[in-house]
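Now, the feature entries from TrEMBL:
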- 31-48: transmembrane segment (TRANSMEM)
- 106-127: transmembrane segment (TRANSMEM)
- 134-150: transmembrane segment (TRANSMEM)
- 185-215: transmembrane segment (TRANSMEM)
- 221-238: transmembrane segment (TRANSMEM)
- 298-320: transmembrane segment (TRANSMEM)
- 329-345: transmembrane segment (TRANSMEM)
- 351-369: transmembrane segment (TRANSMEM)
- 381-401: transmembrane segment (TRANSMEM)
Amino acid sequence: MARKKKIPAPNETTAQGGFDLSEWAAKHSRWLLVSILALFILISLLMFDPKPFVGGDNAAYVSLSKSLAQGQGLSEIWTPEGKAHTQYPFGFPLLLTPASLLKMPYAWYKLIPWLSGLLSLLAFWLLIKEDKKALYIAPVWLLAINPYFLEYTHWVLSELPFTLFVLLTFLTLKKWEKRGGPLWLSGVILSAVFANYIRSAGIALYLGIFIYLLFKRKFKTSAIFIIGCIALTIPWSLRNSHYGTSGGYLEQFLMRDPYQPELGLLGIGGLVQRFFANLKIYSINVLPRMMFPAADDWGLSGGLVIIMLLTVIPAVIVLIARIIKNPKGYDWFVIIYLGMSLLWPEAWSDIRFLLPLLPFLLFYLVQAYQYGVSLVFKRKAFWPAVMLLFLIAAANVSAGWNRIGSNLEANKDYPRDKYSGYDPAWRSFFAAAEWVKNNTPESSIVVSRKPTLFYLGAERKNFCYPFTTRQDSLLKAIEKADFVMVEPVSGTGQRYLIPAVQPLLDKKYKIIYANGNPPTYVLQKLKENSDVK
């Protein structure tokens, strides 16, 4: 009697759509990657903004790269003293140095974060790629069209370079686990250390990999890794100690409010209170908007709790499940980085600081939906999961499209108006900085609320006034300045600077420039033989 052939159970994607999507994705994985990268390139170019970001950090990074290019080390060339800089590590300014050496226009500095975004997609793809699983494509695709990820490709900030080296570190760790050997382990250490030299939050990378190796019972390797990281980090700490500081961030980290230092430092109770305040900010506001960017555009800002339940909670549940069951190194990194973020000052609680976690959170979200939908729809789960992912993708595209429209409108006027797209206060600020550049001696010293941005526009040494209500202390601190800028871009001018200098108008200071709406004022310190044109 002939033996009956066993008919294999059909693949779920074959049963649903008439073809095996997973097999098709495996065969065309390179073309899918090329398509995703091409889509990213197209959208990022449409969203490109040649102007400086008004946060100030970008101008500091550019100036620090110029100091490196000029052979002055990591120095604050925008300050009268030109003192050694200790707040930001040297990694990102070092990456920007070629543009400074070639004296290229400001827009060329944006090439580094843009390339970092592009390479991050490639590294993320390689990190999570699994054969015969079509949905590993989804997190990479969602990351490529996320408007926040795209936005930071044209800001000269360290978030995307840091994200790239985080991904490269875990990709190198993956290679070491497969192949072993000291060469790959050295690569893990060097990549992690350079990530930390881009952003000090890289300490979470050290701890995450160290804990991961301990849980894998690789005690010798964990010791080699952490000792190597510490040994390569010590020189930077010693250098900062030599200049009399621990690095700038620690003191600000412990302040009640970095913009009101007179409020003092936090104790243990204050840190606990900050933890829960940030937990609320991130879970109900920041993370839902980052993972579902159309919340505001679709009129869902009042329903952020629902979005949190549909995005943040599933991702966190998957993260916890992975930690309990079989964690990867990046799972520990995400947990530690999130914990550090919850202790950061509330004034700085923003999408920007969580951007390096976005690839992993999207990965967890896709896994959550894949598992959840399969429980509900059983063997018919594939296409409902795809539809949910397309909904999230639509939220990304919708938010990004609105930004593209406004950006193209602003860029259309940029050739004849380099301040096009700025709000009136910042137009006023940059116009005043340009006036100072054209109408004061190069040796002038200026007081400005935004020293790095002012230096970018005026090329004059400057410093910020102290945030104190004691007028005598403030006036003493600005005594060495030749000019004082009173700008509308920050409330600290109204709170601290104006009450101190206004009573001295026409006695010690004279208004020599007043323009813009709202206006920016430039005050000259009265003295004989004025050099103002």
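Each residue, glycine too, has its Cβ placed from N, Cα and C.
No curator has checked TrEMBL annotations; they are predicted automatically.
Note that this is a predicted model, so its numbers are computed, not measured.
Counting Cβ pairs under 8 Å that are 6 or more residues apart, the transmembrane segment (134-150) and the transmembrane segment (329-345) reach fewer than 3 and are not in contact. Packing against the transmembrane segment (185-215) from elsewhere in the chain are residues 89-92, 95, 158-159, 161-162, 165-166, 168-169, 172-173, 175-176, 221-222, 224-226, 228-230, 232-233, 236, 247, 249, 327-337, 340, 353, 356: each is 6 or more residues past its ends and has a CB under 8 Å from a CB in it. Outside the transmembrane segment (221-238), and at least 6 residues removed from its termini, the chain residues within Cβ reach (under 8 Å) are 89-90, 185-186, 188-190, 192-193, 196-197, 206, 209-210, 213-214, 246-247.
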